[in-house]
Amino acid sequence: MPIKIPDDLPARPILEQEGVVVMRRTDAVRQDIRPLRIGLLNLMPNKISTETQLARLLGATPLQVELTLVRMTDHVARHTPADHMAAFYRPWAEVRDERFDGFVITGAPVEHLPFEEVGYWPELCRVLDWTQTHVHSSFTICWAAQAALHHFHGVPKHLLPAKAFGLFRHRNLAPASPYLRGFSDDPHIPVSRWAEIRQADIPAGSGLETLLDSAETGPCLLDDPAHRSLHMFNHVEYDTRSLADEYFRDGQGPLPAGYFPGDDPARPPENRWRGHAHLLFGNWINEIYRTTPFDIAAIGGGRPPANDAGPIEAAAG
């Protein structure tokens, strides 16, 4: 099944050119299927690029996904046209009484600030608490993952002396995890951040499990079953040229490690993480499908395995 997004969202023609099946609203109405409702709280400055990256991954599974774009209620986006925000994004205050099968919260370029000094921190805390009563499963990315670890578990973030920047080899620490089904032993994942969380700070007894880590950049992906969340500190969703664009945008500082062939920025980078990005989001969507209530109104009242038909292949068979 395809992803259902607004007919005139800029991501649509890009995804269609890539072969992602994008459903028009009129077609979706004719299918007697309850789509998985996925919300995307987009905190990134370039919202159009980010929504395209994530829609690409969410739309690549056999299940029909209905994507709702969400923004912070009072925060005004400065890098995305106001007409785009008005046309495609709903403030969180408007959706807070609704329920979602999945909810993605992106990173934001505010790592240098203490959490409490971020202008929308109080509302983000309310959003995180709301996911525990109105969302079946959450997926936080980069700064949002650091924020969730701090909010739910008191885990601090640590500023780095230099930006962790590049394409780094990671270790698969939990090959039996349903979220890492199909993963290789050493996936490469893009990293771009000025702060980190440390394995030593993860509280004993928290139930947090580190699924992926890197010897160079630390924890990458944590499973948080107590809060029905995955926390991804890096950027598996990035486009092939995302790190290159950051490098040239920032005045050509240190090269992104392990990214340009031969460390030559004149040579086009190769995408060595796309397959794992699709696997991770596909596995997450599959776990949502297997465990979310068929009646979306029941989300928040438990986690009954209403659709426990096994992996997507069995469900779609």
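Cβ atoms are placed via backbone N, Cα and C, with glycine included.
What Swiss-Prot lists as site 'Important for acyl-CoA specificity' is E111. The active site, acyl-thioester intermediate annotation in Swiss-Prot covers C142 and rests on sequence analysis. Annotation comment: Swiss-Prot describes K163, S192, R249 as substrate binding site, evidence class sequence analysis. Look at Swiss-Prot and you will find S192 tagged as site 'Important for substrate specificity'. Taken from Swiss-Prot, the feature active site, proton acceptor covers H235. The active site annotation in Swiss-Prot covers E237 and rests on sequence analysis.
By a simple count of nearby Cβ atoms, those within 10 Å, the most crowded of the recorded positions E111, E237 is E237.
Using a 10 Å Cα-Cα cut-off around the residue listed as 'active site, proton acceptor', the recorded positions E111, K163, R249 reduce to an empty set. Considering only the recorded positions E111, C142, E237, K163 (substrate binding site) has E111 as its nearest partner by CA-CA distance.
Shown in sequence order, the list is empty: the chain has no residue 6+ apart in sequence with a C-beta less than 8 angstroms from the C-beta of R249 (substrate binding site).
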